[in-house]
Amino acid sequence: MTTTVTSHRTRPPAQPTSLRGRRLPWYAAPAIAVAALALAAGIVYGIDIGGPVLVVVLGAILYLVGLFAAANAVEGRRSARNRTWSALIHSAFVLAVLPLVSVVWTLVSKGTERLDGNFFQTSMNNIGARDANGGAYHAIVGTLEQVGIATLITVPLGVLCAIYIVEYGRGKFAFAIRFFVDVMTGIPSIVSGLFVLAFWVLIVSPWFNDGRPSFSGFAAALALSVLMLPTIVRSTEEMLRLVPAPLREGAYALGVPKWKTILRVVLPTALPGIVTGVMLAIARAAGETAPVLLVAGGGAAINTNPFENNQSSLSLFVYQQAGDASKYAPARAWTAALTLVALVLILTIAAKLLARRNRLSR
Amino acid sequence: MGETPHRSADAGTGGTRVTQSHEWPAVLGACGRGTSQHPFPGRAGLGGGGALPRSRKFGAERAFRGLTLAAGTAVLVIIAAIAIFLVAKAVPALRANTENFWSYEGWSPNDPQPKFGIGTLAFGTVLSSALALLIAVPVALGIALYLSHYAPRRLGTALGFLVDLLAAVPSVVFGLWGRDVFSSPVRDFSVWLNQHFGWIPLFGGDGPFGASIMLGALVLAIMVLPIITSLSREVFLQTPTANEEAALALGATRWEMLRTAVLPYGRPGIIAAVMLGLGRALGETIALALTLGITFGISFNLIQNGGNTIAANIANAFGEANETGRGALIASGLVLFTITLIVNITARAIIYRRREFTESAA
């Protein structure tokens, strides 16, 4: 900032007639762009090193250089920098939009290919490589059950943990919990899958299963819980901190014990925010593939019992169909992907809308 | 948002004592009604206007406090359990390994003479994540700045919402897109690079091209782009308007305003976002399992088929793993867990040093 100020002070009064510095005319930028593209086309096709894509890329670089040079000559160095960065930021936006639009477009165009009743009513049981039909009913059942169980485990645990951090926790222990919740956010999904594999599938499940380790939807739910827990704790914690102190103090003043204040005053006030966090966590868990692959195993048949035998899930279904050699598999994979994205997006949109109506939100 | 200094100083168990001694009968009634489901063994001993109620050994307050404490401790227990169970299952496999776990280039733990090494996998993990971040971070920051400071407000909000939605799209969808759609332009690009820049070792080799580290890293970059963008956009939006206006009033151009007011303010948040993106990239399984051409070997060649990461290897090799094979995969997961833990703890340490900025950003 100081450099800015001094440069103002020391600048000689170059144009005494006008307060404003000289500016590039409005047509300068498009003109430079056209010139840059033309020059790029000349270079690329002149020495024959590529096609239209390279022309655009080279043109963009030349445009940036040209713009900087022109602005530097007319408006001065600071303005030239400003223009160049502005152009860079805009081009970053365009650059990123292209692939993301392509993802969405492919998802919709390829995903609607198999979007029919059969897809949602059948499983992959007895579907061979040459059968065009087959569906994701079993996978949808699996996703719903696993995510549902994971939510049932995580929500009470996560909310109580957040209450501890915000309301009761003091000193180093609470700080350690907070810190490790943050650290836990970064645990890769595959590690949580391996943890449940080592802990539940290989060590605990043989007790119930005549000594043989067994995959199950419940194990997948456990792995998803490990992933959901930190998200829920973090968002709940944030919301609890936003509850105004006078609400709590009013309750205390009326003689309400602390635990009851928390349950009857603090939690209801923070509820919309907590629900938003829970929904976002569910949306993330629903899309996880790796843990389900490791501990639920995946299966072709409908299995509505989450505590026994293999279960599939939508994301795992996508992965398995993507690796399938059948020529009908890609269509199934894309339709399942579209279903999964629709499920996740509905949850996310609902959560965001809820967050907007939240009185506490920032 | 500090450490809740605005609440009553005595917000522990004793927050309600003063009130209770003043208006004992009313409080007694309130407590009695509220705790009728939780019988108090010590209730009978309290008489008249005498002593303050002692904190009871088995009161609802204690019970609730203990419950939240247990939930908080559960987080620490889970993290510890992850480490313990992974180690417990990894050690037998590591004992059985007949080659050096750190340096052997290959993965055949299912043989009678198990041989496996983490070196190539860890290298691939770090290389692909680093490349992905190298590509994604500048672009993501550009988009975040565009959405928060360049785009018209309504457009910025709408696009920001879209970015948030894209951040929720499951990684398996990006993997599928990368394999089915994105691989052919990347192959063309690789061939072009090889033709014209083959003298650089990074782009050397003589094919086949396509399912390479570059494809994997690009897909990863596109995947973490919305995550980093959405987080850093939120941080940029939180810059105090006063700071921005002060910069502009001193004559700063828009870029200078961003550089002097917005970026320094958002730095911890940016670091948090980048680290979160890095965590995602390091642990990403399915998108890489679908896009990389799985090979074992340390090579800086970016465009030839090949590349492998710890997580992708787990997903690919899990299906045919025997007991030792599983142990070996768990050992590799342990390494991944350690890497992400180090990354996360470093990031958190950086952020906690300047936590007042990042309370809602981290």
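Just so it is clear, glycine is given a Cβ too, placed from its N, Cα and C backbone atoms.
Listed as Cβ neighbours of the transmembrane segment (A:26-47) (distance under 8 Å, sequence separation of 6 or more from its ends, same chain) are residues 54-56, 58-60, 62-63, 65-67, 70, 83. TrEMBL lists A:26-47 (among others) with the feature transmembrane segment.
For A:53-74 (among others), the entry in TrEMBL reads transmembrane segment. Long-range neighbours of the transmembrane segment (A:53-74) within the same chain, counting only residues 6 or more positions beyond its ends whose Cβ lies under 8 Å from a Cβ of the stretch, are 22-24, 28-29, 32-33, 35-37, 39-41, 43-45, 80-81, 83-84, 87-88, 91.
Residues annotated as transmembrane segment in TrEMBL: A:86-108 (among others). Cβ atoms under 8 Å from those of the transmembrane segment (A:86-108) belong to residues 60, 63-64, 67, 334, 337-338, 341 of the same chain, restricted to positions at least 6 beyond its ends.
For A:140-355, the entry in TrEMBL reads domain 'ABC transmembrane type-1'.
According to TrEMBL, the transmembrane segment annotation covers A:147-167 (among others). Same-chain residues lying 6+ beyond the ends of the transmembrane segment (A:147-167) with a Cβ under 8 Å from its Cβ atoms: 174, 177-178, 181, 217-218, 221-222, 224-225, 228-229, 232-234, 236-237, 240-241, 258, 262, 266-267, 274, 278, 281-282, 285-286, 306.
Using a Cβ-Cβ cut-off under 8 Å and counting only residues 6 or more beyond its ends in the same chain, the transmembrane segment (A:179-203) has close neighbours at 161, 165, 213-216, 218-220, 222-224, 226-227, 229-231, 233-234, 237, 288-295. Summarising the annotation, TrEMBL assigns transmembrane segment to A:179-203 (among others).
The transmembrane segment annotation in TrEMBL covers A:215-233 (among others).
If you look up TrEMBL, you'll see A:265-286 (among others) marked as transmembrane segment.
The transmembrane segment annotation in TrEMBL covers A:333-355 (among others).
Same-chain residues lying 6+ beyond the ends of the transmembrane segment (A:333-355) with a Cβ under 8 Å from its Cβ atoms: 106-108, 110-115, 119, 136, 139-140, 143, 272-273, 275-277, 279-280, 282-283, 286-287, 314-315, 317-318, 321-322, 324, 361.
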